[in-house]
Amino acid sequence: MRLGRLQAWMLDLPTAVVYGSLALFISVLHNVFLLYYVDTFVSVYKINKTAFWVGETVFLLWNSLNDPLFGWLSDRQFLSSQPRSGAGLSSRAVVLARVRALGWHGPLLAVSFLAFWVPWAPAGLQFLLCLCLYDGFLTLVDLHHHALLADLALSAHDRTHLNFYCSLFSAAGSLSVFASYAFWNKEDFSSFRIFCVALATGSGLGFVGATRLLRQRVEAARREPESLALAADGSLCGEELLAGCKEAASITLGQYLQQLARHRNFLWFVGMDLVQVFHCHFNSNFFPLFLEHLLSDHISLSTGSFLLGISYVAPHLNNLYFLPLCQRWGVYAVVRGLFLLKLGLSLLMLLAGPDRPGLLCFFIASNRVFTEGTCKLLTLVVTDLVDEDLVLNHRKQAASALLFGMVALVTKPGQTFAPLLGTWLLCFYTGHDLFQQPPLVPVGSAQPWPEPLAPPPAQAPTLRQGCFYLLVLVPITCALLQLFTWSQFTLHGSRLHMVKAQRQSLSRAQTLEVKMV
């Protein structure tokens with residue numbers, strides 16, 4: 001009886017809640033992965049330096065290429081679909097294909113996550129294989145999850161509604177960061193392994209359950225005559241958009257790239273997003289360094305650890321406030337406001353100087369939180385670019401996963417530039433080479449905030465001053481570049497409304513074509 005009531009309750013859950021729950025099953029794994037994988041291989045498995053850098057180099061290449069590769073393999077059928085006998089590929093079929101892919105790849109992501117925490121091969125080989133397997137499945141899950149945001153809903157309001165629940169569940173998943181500290185012990189790894197098994201089991205089962213519910217919703221909508229878009233209550237309606245009742249010419253990868261090269265808003269967006277990805281990872285890479293050299297004399301170790309942990313949760317909670325603003329003012333205006341806020345806070349911090357510990361503490365934390373939060377909002381902009389790509393190139397079906405993959409291809413180099421440029425600037429300004437010092441304890445280790453280094457007295461003020469200028473000048477530069485590129489982006493206001501209207505009219509026209517065949 002109780003089982004029946006539970007099943008009935010799950011079937012009554014709004015589609016937006018079910019879709020958002022997928023973010024929970026991703027974040028509970030990924031946050032723990034980011035925090036501990038380096039420390040596990042360096043401190044527990046004792047990987048040698050050469051094997052570590054070989055693995056990271058291969059991972060860098062694989063991480064950059066797999067997004068467009070998987071996006072092309074996933075969506076090329078939508079670009080070059082050649083229907084027969086007047087029967088085309090429906091948007092419902094596209095959604096079902098993505099949901100099925102998540103149902104397979106989600107549990108495999110959980111299995112690949114487990115492979116990190118048990119030694120089963122030489123450390124260097126295991127490091128390489130684990131990174132590539134995990135990132136491959138993570139990319140597949142992320143691509144299909146983000147693509148569903150564009151495929152389940154057309155209006156900005158409904159997409160914001162979906163993204164709201166993603167942020168809510170991502171924040172809940174980030175709590176695994178705090179729970180992990182209770183189990184992390186490099187000397188006795190067994191309890192942490194059990195913790196990871198529990199996370200992976202919950203995540204894998206969650207993917208299976210959530211995708212099954214989504215599949216039932218989509219298949220049930222087939223029997224309804226309205227629209228496949230998301231209704232105001234978060235349930236699916238049932239529009240059958242058939243993609244291509246006429247012969248559709250196949251599109252090669254080269255032709256698709258030429259189309260993207262002519263997509264003006266796409267080019268301006270990836271230029272802005274490249275800077276944003278750089279800034280996000282710059283903050284992540286140098287967060288412990290800034291705490292150490294700017295605040296170690298003013299805050300306790302526990303306060304530093306709390307700031308580190310809360311920086312993973314706060315961006316998602318922050319978006320619960322910003323997403324309603326997006327519904328009211330539009331994503332473009334909110335993102336532009338965040339860029340102006342970043343510039344204003346950075347200029348204020350520059351004028352205040354490095355001797356204001358309270359203001360420094362607020363700035364370091366808020367800089368990371370607002371920057372990460374902006375990254376979450378930009379997913380909504382990519383879904384609008386998906387709509388514009390479909391309208392500009394007269395596609396029969398939106399290539400959502402492929403466009404997300406192409407955005408990642410252009411912007412992911414920012415992840416590499418962040419530590420390289422940051423360490424070079426610090427060395428150039430202060431003469432202090434971080435690689436000649438004892439390595440920082442990786443973020444998420446048992447002591448996430450390392451013991452302060454002890455440079456010579458004459459060097460210490462210069463290093464502290466260098467960290468301060470790095471802290472404030474990088475966001476000032478990023479904000480100025482982003483405000484310029486964002487001002488060239490025109491997919492907002494009347495143009496965005498026109499694109500939405502054209503996509504919806506295209507959907508209706510194609511539906512009428514099907515009925516007349």
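Easy rule for this one: first residue shown is 1, then count along the chain.
The backbone N, Cα and C atoms fix where each Cβ goes, glycine too.
What TrEMBL lists as transmembrane segment is 16-38, 101-118, 124-141, 162-184, 190-214, 266-287, 299-317, 329-352.
Only pairs six or more apart in sequence are counted, and the transmembrane segment (101-118) with the transmembrane segment (329-352) gives fewer than three Cβ pairs under 8 Å, not enough to call it a contact. Between the transmembrane segment (16-38) and the transmembrane segment (266-287) there are fewer than 3 Cβ pairs closer than 8 Å, counting only residues 6 or more apart in sequence, so the two stretches are not in contact. Within the chain, the transmembrane segment (124-141) has long-range Cβ neighbours (under 8 A, six or more residues past its boundaries) at 26, 30, 33, 37, 41, 45, 47-48, 50-52, 54-56, 58-59, 62-63, 66-67, 70, 101-102, 105-106, 108-109, 112-113, 115-116.
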